[in-house]
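Annotated features in Swiss-Prot:
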SIGNAL    1-21  signal peptide
DOMAIN    26-76  domain 'BPTI/Kunitz inhibitor'
DISULFID  26-76  disulfide bond
DISULFID  35-59  disulfide bond
DISULFID  51-72  disulfide bond
DISULFID  73-81  disulfide bond
């Protein structure tokens, strides 16, 4: 029974990772969005060729928006960060 649960967990993790990666467009500029919160996030700066910090307002924006620099690197510049 534990093996079945482990396999199901692995499959769900893979499916979630694949679906997250599909909607990311690393060519978009950073986009704060319309809200007024102050969240430090990371975006891939295509001109600079690296992930950089920006302030996210908490809503809207675009898919070039990551919680960590590591997440940004994995999605947009694997092997370079």
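Cβ coordinates come from backbone N, Cα and C, glycine included.
Sequence features, as recorded in Swiss-Prot, placed on the structure.
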{"residue": "26", "record": "disulfide bond", "DSSP (3 states)": "coil"}
{"residue": "35", "record": "disulfide bond", "DSSP (3 states)": "coil"}
{"residue": "51", "record": "disulfide bond", "DSSP (3 states)": "strand"}
{"residue": "59", "record": "disulfide bond", "DSSP (3 states)": "coil"}
{"residue": "72", "record": "disulfide bond", "DSSP (3 states)": "helix"}
{"residue": "81", "record": "disulfide bond", "DSSP (3 states)": "coil"}
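Around residue 76 (disulfide bond), a 10 Å sphere centred on its CB holds 23 further CB atoms from the protein chains shown. Least packed by the Cβ count within 10 Å, out of the disulfide-bonded residues 35, 51, is 35.
Summarised as a single figure, the pLDDT of the domain 'BPTI/Kunitz inhibitor' (26-76) averages 98. Relative to residue 72 (disulfide bond), the disulfide-bonded residues with Cα atoms inside 10 Å are 26, 81, the candidates having been 26, 35, 59, 81. On the backbone, the CA of residue 51 (disulfide bond) and the CA of residue 73 (disulfide bond) stand 7 Å apart. For residue 81 (disulfide bond), applying a Cβ distance below 8 Å and a minimum sequence separation of six or more within one chain yields 50, 51, 69, 70, 72, 73. Residue 26 (disulfide bond) sits 22 Å from residue 35 (disulfide bond), taking the C-alpha atoms as the reference points. Within the set of disulfide-bonded residues (26, 59, 72, 73), the lowest number of other Cβ atoms found within 10 Å of a Cβ is recorded at 59. A straight line from the CA of residue 35 (disulfide bond) to the CA of residue 76 (disulfide bond) spans 25 Å.
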